[in-house]
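In TrEMBL this protein carries:
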TRANSMEM  B:30-51  transmembrane segment
TRANSMEM  B:58-76  transmembrane segment
TRANSMEM  B:82-104  transmembrane segment
TRANSMEM  B:113-135  transmembrane segment
TRANSMEM  B:155-173  transmembrane segment
TRANSMEM  B:204-224  transmembrane segment
TRANSMEM  B:230-248  transmembrane segment
TRANSMEM  B:253-271  transmembrane segment
TRANSMEM  B:277-302  transmembrane segment
Amino acid sequence: MRAFQILIDGFAISALYALGATGFTLIFGVSGVLNLSHGAIMVAAAVAAWAAASMLGVGTYAGALIGVAVALLTAFATYFAVVKPIQDSRRIPNEEKEIFVLTGTLLWGIMIQELIAYFFTNNAKTVLPIVEGVVEILGVRTPRNEIFTAIVCCLVIALLWLLVNRTRTGKAVLAASMNPRGVTLLGLELTNIYIVVWAIYGILAGIAGVLLGMFLGVSSYSVGPLTASAFSIVVLGGLGSVSGSLIAAFVVGYLETLTAYLVSPAYRTIPALLLLVFVMYIRPQGLLGRR
Amino acid sequence: MSTFFTSRLLFISLALVVIAATLPLYVSGYVLGLLTVAFYFGVFAMAWDLLFGFAGEVNFGPTFLIGVGAYTAGILNAQLGWSVYACIVLGALASVIAGLLLALPALRVRGPYFGLTTLVAVLMLQNFIVVFADLTGGEIGLTIPDVISINAGTNYWIALGFMTISAAILYGLSQSPIGLVLQASGQDPVQAGALGFNIVKHKLAAFVVSAFFSGLSGALLVFYFGTASVGTVVDVAVGVNVIVAAVLGGRRTVLGAALGAIFLIVAGEFLRPTGELATFIVSAVALLVVLFFPGGFLGAALSREART
């Protein structure tokens, strides 16, 4: 009974983590950018969906769409206002650009977080779920919303896989992650590929944010923990490796659920952090990462 | 950097310190209290700059070192009743040990992986403080019975003296042969290694020095506040402020970091009437500096000096 409950709850959480981390790792794989405003973008999507649905009263579907659109716009703003200027800057030495991107996106994330707190307060917000009600699976009462979350996450990840492996654009993205110079030599504009990747990222982060808002609720305080959890999942799986992130998301998701059910919800994040430190000691490049 | 400028920089800093030392004679206790915190903060930022600006290592968790120092000192004083000075020394030592534990594995990894390990260390520390609430006071914070002094002027002078001495040591170290090797290994580790320098040893030394000053400053700050809490010495947001201060003031300058820290704290106070938007404005200003003046305050001044 309890085993089934852990199995089901853990799956939904893990799928959500996987979706959130996939976009993050994709950006790193293709353009070498670690976007520390990740959590802020997810929260912005959830808060926008919440505001549209409950303050403007546009309905849950339109609210969710607005949330994803806000995430997409914020992702583009992050790229054009913060990341691109640093990458193009001549005053910042090349070997320090990585650090500047980290600092810049971190500050940007804090700005988004503060704006959300200013306009929508720090209170936790739960987005109205698209599907309601409860069903019994294997004797466990499960909210339909939880099943919906898991299904959407898996579908979106499958779509992403198709996009990257089966379309021309996707193949260009894949090629850029392997050898950026080779791609430019083939006559493809690298900036265009980056824009595509940031668009994919924005949509993924938006969907993940809105689903998170429906499933667990968000507040402006979630920004830091969300970035940290995406960061640790991605590093556990290996920076830039999408399949590694997927595996790591399930490891972390189940580890957290097990701890919450069997030990205490207060210790929820500790085992995952310990695992992360352990992995960094023995295999710094992560489970499936390249050095 | 020409010796002329170095000596002029020295002269300006000395003049500033002398002026600052006379402040308690004609400034209110409120301003002194603000500057006391700013000076301790300046040491955090300088210690961070030694690691980042010179060793080229982004330490995303300066508050891990600060927090270990602060909490060790606080717990020893609050739970065991040891004397203030013993607690401060032990706090700094604990921070050095924590720095070594963190650095040994972390230095095997490069760039973003190092940054992440340090960030995770902060999250772990934060979790442990909350979990072992009996010992640490948990989320509410730990009340510390003893203080260094209750006189605002004395506290101010201690903070100023401490910052000046730390600045002299850290700046001297950064200009010494050790600092040059650190800078070389930060910029091109392979070549620096090929020239026969033991990079790991130098970076480890930088980490230990950085940890020592962070821990010492954290412990002193705790005895100034009379309380240790996650929000003041451990939270990731505090660490971000330290990093922002160092980048604002000008990385790789050590002294700039202290300027940046003082600016941040004073600007935050001036922005207090804007309420919740204060953090937003400070972050926005810092982002603009990062984007348009990547050299920071002192970096901009130095490059102008170099041109003329």
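Numbers run from 1 along the shown chain.
Just so it is clear, glycine is given a Cβ too, placed from its N, Cα and C backbone atoms.
What you are looking at is a predicted structure, and each value in this text was computed from that prediction instead of being measured.
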Short question: most Cβ pairs under 8 Å with the transmembrane segment (B:230-248), which of B:30-51, B:155-173, B:204-224? B:30-51
Tertiary contacts of the transmembrane segment (B:82-104), defined by C-beta under 8 angstroms and 6+ residue spacing from its ends, are 61, 64-66, 68-74, 76, 117-118, 121, 146-148, 203-204, 207-208, 210-212, 214-216, 218-220, 222-223
Do at least three CB pairs under 8 A connect the transmembrane segment (B:30-51) and the transmembrane segment (B:204-224), leaving out pairs fewer than 6 apart in sequence? yes
Ranking B:58-76, B:113-135, B:155-173, B:253-271 by Cβ pairs under 8 Å to the transmembrane segment (B:30-51) puts first B:253-271
Between the stretches B:58-76, B:113-135, B:253-271, which wins on the count of C-beta pairs under 8 angstroms to the transmembrane segment (B:155-173)? B:253-271
In the same chain, who gets a Cβ under 8 Å from the transmembrane segment (B:58-76) while lying at least 6 residues past its ends? 44, 47-48, 51-52, 82, 86-88, 90-92, 94-95, 98-99, 102, 111, 114-116, 118-122, 125-126, 129, 135-136, 142, 144, 210-211, 214-219, 221-223, 228, 230, 233-236, 238-239, 242-243
